[in-house]
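Feature annotations, reproduced from Swiss-Prot:
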- GLY165, VAL166, SER167, ARG168, THR169, SER170, LYS171, THR172: ADP binding site (BINDING)
Amino acid sequence: MTENKAENKQTEKTEKMEVNIIIISDSAGETAFNNAQAAAVQFPDAEVNYRRYPFIVNEKKLAATLEEIEQYPNLVIVYSMLDEKLQLPIIKFAREHKARYIDILSPIIEAISQTTHMKPTGLVGANHQLTNKYFNRISAMEFAVMYDDGKDPRGFLEADVVLLGVSRTSKTPLSLLLANKGLKVANLPLVPQTHIPNEIYQIDPTKIIGLTTDPQVLNRIRRQRMISYGMDPDTAYSNMDSINAELDSAMALYKKLGCFVINVAERSIEETAALIMNHLSYEED
């Protein structure tokens with residue numbers, strides 16, 4: 001009898017209540033996610049799952065998101081949306097599915113409204129119009145960080161441009177520079193004999209940029225990088241045969257995709273960015 005009680009107590013300790021926290025945002029959702037995390041640490045005995053849905057900017061994307069999360073039990077929806085048209089479906093969904101929901105922005109907007117005796121609807125509209133360029137850049141920068149280095153294949157489908165390239169072809173700094181121009185950029189490092197995400201083949205080839213370089217230039221850059229880390233510069237990473245194989249593999253993929261290719265050897269990232277923007281016929285606001 002004593003053993004059974006002990007086992008029951010042990011089972012109670014190991015079984016955790018599952019909570020699915022859904023983060024929905026019209027931007028990267030970092031604020032909503034950070035708030036959810038800060039709250040969730042107060043419940044160490046709960047099994048908390050975070051499911052993030054960033055850049056939900058229209059009703060179609062929101063509908064798909066709500067349809068997807070319907071499968072999860074014990075929902076807590078944390079959302080950050082400026083557009084009321086996108087807030088209402090979330091509230092309706094939450095009520096119909098008996099889910100808890102938290103609006104990150106409205107309490108702050110309401111507090112400012114009460115303090116200033118101003119109507120938030122007019123203020124938000126005017127502010128958005130005046131600072132649209134700024135917010136687009138911030139959103140693009142957050143996007144570039146979130147989808148850097150192939151972290152999440154879903155980003156490829158949402159991006160304005162996707163950069164492909166072997167290691168040390170300036171993918172990340174180029175992504176950030178283009179993001180500062182207002183473009184949503186995702187990038188993927190290419191390594192021979194590794195799986196290419198299916199999403200890459202679903203993208204319009206005109207949105208894909210294949211980065212390449214000269215073998216000797218890449219060899220020099222990689223050797224210098226190893227030396228800066230206090231490591232042996234003569235490794236497979238900087239070996240000319242390996243470099244040639246990597247570049248050949250990348251070029252074969254670019255040919256298969258039919259994408260635009262840029263040789264970044266001896267080019268500044270500003271020059272490369274200009275070539276990409278010209279290719280996309282993109283003009284900065």
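Note: Cβ is positioned from N, Cα and C throughout, glycine not excepted.
Here the structure is a predicted model, which means the values were calculated and not measured.
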Coarse DSSP state, helix versus strand versus coil, of THR172 (ADP binding site) | helix
Given the recorded ADP site (GLY165, VAL166, SER167, ARG168, THR169, SER170, LYS171, THR172), which additional residues of the same chain have their Cβ within 8 Å of the Cβ centre, ordered by sequence?
-> PRO189, LEU211
Can you tell which of THR169, SER170 has the least company, meaning the fewest other C-beta atoms within 10 angstroms of its C-beta, among these binding-site residues?
-> SER170
Counting Cβ atoms within 10 Å across all protein chains shown, which of the binding-site residues ARG168, LYS171 comes out on top?
-> LYS171
Counting Cβ atoms within 10 Å across all protein chains shown, which of the binding-site residues GLY165, VAL166, THR172 comes out on top?
-> GLY165
All-chain count of other Cβ atoms within 10 Å of SER167 (ADP binding site) = 15
